[in-house]
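Record features, source TrEMBL:
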- 210-221: compositional bias 'Basic and acidic residues' (COMPBIAS)
- 224-238: compositional bias 'Acidic residues' (COMPBIAS)
- 27-99: domain 'BTB' (DOMAIN)
- 210-238: region 'Disordered' (REGION)
Amino acid sequence: MATPSASRRSDRTAEKKITPLNRWDPENIVTLFAAEDESAKPLKIHKDVACHYSPVFKAAFNSRFTEGETQTYKLEDVGQKTVRLLIHWMYHQELDVGKTTSQTKSLTDKMLIELWVLADKLLIPPLQNSIVQELERQRKRFKATSTSCINYVYEKTAPGSPLRRLFVSWCAWNVARSRFEDRPEHFPKEMLLDLVQLLAQRVPTSTKEALAKERDMKEFEVPLGEDEDEDDIMEDSD
């Protein structure tokens with residue numbers, strides 16, 4: 001069942017807040033499957049809860065399609081842990097990422113990013129916004145950006161995605177220059193183009209003009225080699 005992602009909808013729609021659900025039918029249960037973990041057991045959630053927070057679930061579980069007939073939904077490209085995070089958030093409106101250390105931060109970030117992408121498909125902007133805040137909190141806490149996640153972000157999101165813009169902003173203002181040299185494989189071409197555009201937009205015109213006037217053209221000249229010793233270039237003779 002195709003649906004527009006939450007990040008592609010109008011700002012007016014995305015700003016609509018969801019009131020927390022306090023009561024639900026305890027006997028009405030639906031099942032979620034993590035397609036990435038085929039051996040994992042299915043996860044249960046109250047139908048009222050799932051449908052309250054996701055219009056995609058609401059449409060699917062009340063349809064005449066397979067999801068409506070079986071009251072099951074297969075979540076593509078996500079693992080069991082990500083689906084558990086989704087269910088926990090739906091009941092508690094909090095992200096239970098567990099204990100994160102400097103060694104496990106990149107794994108936590110990857111899981112949160114997978115959840116953001118899933119929330120985009122399920123049209124749950126409040127969850128996406130909570131994830132963005134948690135990602136920034138983790139970045140500030142450990143003073144580190146998980147650039148290893150950037151390729152995944154660009155593979156799974158559309159141009160102009162808020163998640164793309166977040167990583168581009170981090171790379172522009174927080175990531176050390178040495179990171180680009182040490183890990184060039186972390187930065188896809190499309191992301192580097194976005195980065196150049198951001199930097200071009202953020203630098204004031206007056207600053208650009210001043211730097212252009214002060215440009216030292218000698219920086220771009222090919223260095224002239226010193227005269228080589230005649231003995232060094234003379235060919236051997238028998």
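Using the three backbone atoms N, Cα and C, a Cβ is placed for every residue, glycine included.
A TrEMBL annotation is a machine prediction, not a hand-curated record.
Here the domain 'BTB' (27-99) is broken down by DSSP into helix, strand and coil counts: 32 helix, 14 strand, 27 coil. Using DSSP to sort the residues of the compositional bias 'Basic and acidic residues' (210-221) gives these counts of helix, strand and coil: 8 helix, 0 strand, 4 coil.
Proximity of distant same-chain residues to the compositional bias 'Basic and acidic residues' (210-221), defined by a Cβ-Cβ separation under 8 Å and at least 6 residues beyond the stretch ends, is recorded for none.
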